[in-house]
Amino acid sequence: MIQIFLALYFSLFLGNLFLPQNPLSDSQGQIQSADKKNFFEAELEKIRERIKNKKLTSEAREKALAEFERLWNMNPFSPEAAEIRKYLDWLLSFPWVPENHQKEIDLAEAEKILNEDHYGLVEVKDRVIEYLAAQKRAGHKKVPVLCLLGSPGVGKTSLAKSIARALGREFQRVPLGGIRDEAEIRGHMRTYVSARPGRIIEALKKAKTTNVMILLDEIDKVGGMNWSGDPSAALLELLDPEQNNAFLDHYLEIGADLSSVMFVATANDLSNLPKAVLDRMEIVTIEGYTLQEKQEIAKRHIIPRQMEMNGLKENEFSLDRELIPLLIERYTFEAGVRGLEREIAKICRKAAKELILKGKTFISITKENLESYAGQEKVFRTRAHKVNQVGVTTGLAASGAGGNLGFIEAVIMPGSGKVFTTGSLGNMTVESFNAAASYIRAHANAFGINPEIIKQQNIHLHMPEAGSPKDGPSAGVAAAVSIVSVFTGIPVRHDVAMTGEITLHGNVLPIGGLKEKLLAAQREGIKKVLIPADNVRDLDKVPESCKAALDIIPIKKVEEAFSIALERMPTHDKLMNGMVSRR
């Protein structure tokens, strides 16, 4: 067997050794090598022409020629050659020379475009026009960077697009949410594998011009200092008009002139942004839409857009315009209209399905069949009480999603004068309740309350809907009214709502979110609203229809709230000084 195996082995070995070789193999390899060489030389020639014809700064041209020389002298098939070719492509695709000719700002045209694209937002659009007017008067010199601040869905991004259109600028969006690495903004150094420029340089490469508006979207979501640097600190040079004429990207290694680039940022909450970044921006607050504004936006923009997107024609589909308030109040709870558009899109999709599968020729959405298309109601708002109750006061709350009613309930029980608070309350609310209780204890005689009784009773203050966290000092006045009511047995009027912070001396301090709170009071049928006297200046922002529907009463001292909110006043005292009268 061994002899047979050896014989077969040597026969195969010797056979392969003396097999005739392909006479074309060497020549084909030479041809392929020559083709690759010719291709590389042609590519080098293209790069040379790009360097020659590209408008470059002196520094960029010097860098391009140096890298080209390195590429010329190295093995064209080495990994480093591929990296240099990639670098030169970035270098030669970037718009290095700012454009001197920019579109003249036409304020009338800009105002027209803003009004076409956005309903309402009068104050915001006025601020934008003022900003553009200042830029026009300054001859396109740098002015502070705009930061559009507002809740999700109020139209920050679309407003930025409209500004870019009004100015005749290219629009590029740079999402900053979740960035934790400084290199995402400044770029990676070329020593790293797969290095590339930062997002700002990428946006300019896509735009192919410096006459561009770059939207720094969700700037408040940028991470702070960590092991990979501080991304928010990298924004300082970018947003500073005195420094961004030589913005250094780590990948390009050359200062880029961004002085002619217009930056606009968007944010939901500025509390996370460093003060240095805030100082470089001019904040323009976009408040939530009123019910009337949302209705108009739905009629003018959302319904036509969703009908077009879902292939619905006017002779096939109809949505009763009287249903829009129901969709807004019972299916959404937001400052903007993004959720409203989702609900209308859902209705349109279901209508399109029925037109196809059920062979219907016309679908009309009415109050009777709304639930079958939109589903069950999703939002259960706090409704105003119908009767007066002891120890239950109507407060007002505001959040990024709008305003709402909030009740402050008080009960007393035998104890040692302690105060208990429940209802998922934050520290500010708890402290406000404690301040109200301390004020009532200190002035018990003024309100016909026996001080000894207070010492022997525990007070429990509660805000219903404990599943929703609540915080802020504006429920102090309402808490004081509930405490006086429960100790005196005098009911609180159900048609009176109030807001205001209380001090230990009974002073009423100003609060935020007045517009949203008053709109909530109007929506729920409240008749009178007590507000801090220092908030009267904020009434200019409240719609006239809302102010006409409410009896808005400014107060400076908490005793004024007792005379208005309680069915009858407790025993008068010298502390009242005759300043309180029945209303």
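Numbering starts at 1 and runs along the chain as displayed.
The backbone N, Cα and C atoms fix where each Cβ goes, glycine too.
Positions annotated as active site by TrEMBL: SER474, LYS517. The feature domain 'Lon proteolytic' is assigned by TrEMBL to 387-568.
Taking the domain 'Lon proteolytic' (387-568) as a whole, pLDDT averages 92 in the prediction.
Note: the Cα of SER474 (active site) and the Cα of LYS517 (active site) are spaced 11 Å from each other. In this structure, LYS517 (active site) is part of a helix by DSSP.
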